[in-house]
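Visitor: Below you'll find the structure I mean.
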Amino acid sequence: MSLTDTVGKCAAIATIGTFFAPVLICRDIIKNKSTKNVDPTPFVGGMAMSILMIKNGLLMNDPNIIPVNIFGFILNLIYFLVFYFFTADSKPLFSMLTKATLFTGVLWGYSTIEDEKLIEYRFGVILTVLMLTLIGAPLFSLNDIIKNKDASMLPFPMIASGTFVGFLWLIYGLLIDNIFIKVQNIVSVILCLIQLGLIFKYPKPESKKT
């Protein structure tokens, strides 16, 4: 097995591992019987991104991408169902799901009619923007985090595991010289490191020293 295949397999396995990070979040939801202060965007976005990444894997003919994202979709669906079961108001949740479903359907449809010579590049650009938006979404609350000196809204397990996996996929992208995998993971690692910095600078109020 070549170095590229080895790194690709390791990145795929590590990615599967990160899919289990929300289990800790779901555990708290079940324990508290509430979704208060829990954002469902990672679950809904995770399902949508998994579907689109499956399509991207088909376009790239990359065996490391497809099975990982099939598994990711199944797990994110489970997390979504846990959130749905314990949420007090499901209307915003299903509104978000409907929008994500329509958007994903449009992009999948676009990928079937675009010129075969252009689709891999253009679809890669779209996925890069979407992925980085999803990863950086928690930073939209940056003002509130700094103002309240509380970063507890940031999902530490998902961010920490995402940083590690981002490094692995970055190495893989460098080995196969794929510009999208390189850009996606350089920026995602930076975004994750910024969020980790906020978590350590502004820990949960109960964990702060008195």
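Just so you know, glycine gets a Cβ as well, placed from its N, Cα and C.
According to TrEMBL, the protein carries these features:
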type: TRANSMEM; residues: 12-30; note: transmembrane segment
type: TRANSMEM; residues: 42-59; note: transmembrane segment
type: TRANSMEM; residues: 65-86; note: transmembrane segment
type: TRANSMEM; residues: 93-111; note: transmembrane segment
type: TRANSMEM; residues: 123-142; note: transmembrane segment
type: TRANSMEM; residues: 154-175; note: transmembrane segment
type: TRANSMEM; residues: 181-200; note: transmembrane segment
Visitor: Three or more CB pairs closer than 8 Å, sequence separation of 6 or more: does that hold for the transmembrane segment (123-142) against the transmembrane segment (181-200)?
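Guide: Result for the transmembrane segment (123-142) with the transmembrane segment (181-200) is yes.
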Visitor: Short question: most Cβ pairs under 8 Å with the transmembrane segment (154-175), which of 12-30, 42-59, 65-86, 93-111, 181-200?
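Guide: Most contacts with the transmembrane segment (154-175): 181-200.
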Visitor: Could you tell me whether the transmembrane segment (181-200) and the transmembrane segment (42-59) are in contact, taking contact to mean 3+ Cβ pairs under 8 Å with a sequence separation of 6 or more?
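Guide: Judged by the Cβ rule, the two regions do not touch, with the required three close pairs absent.
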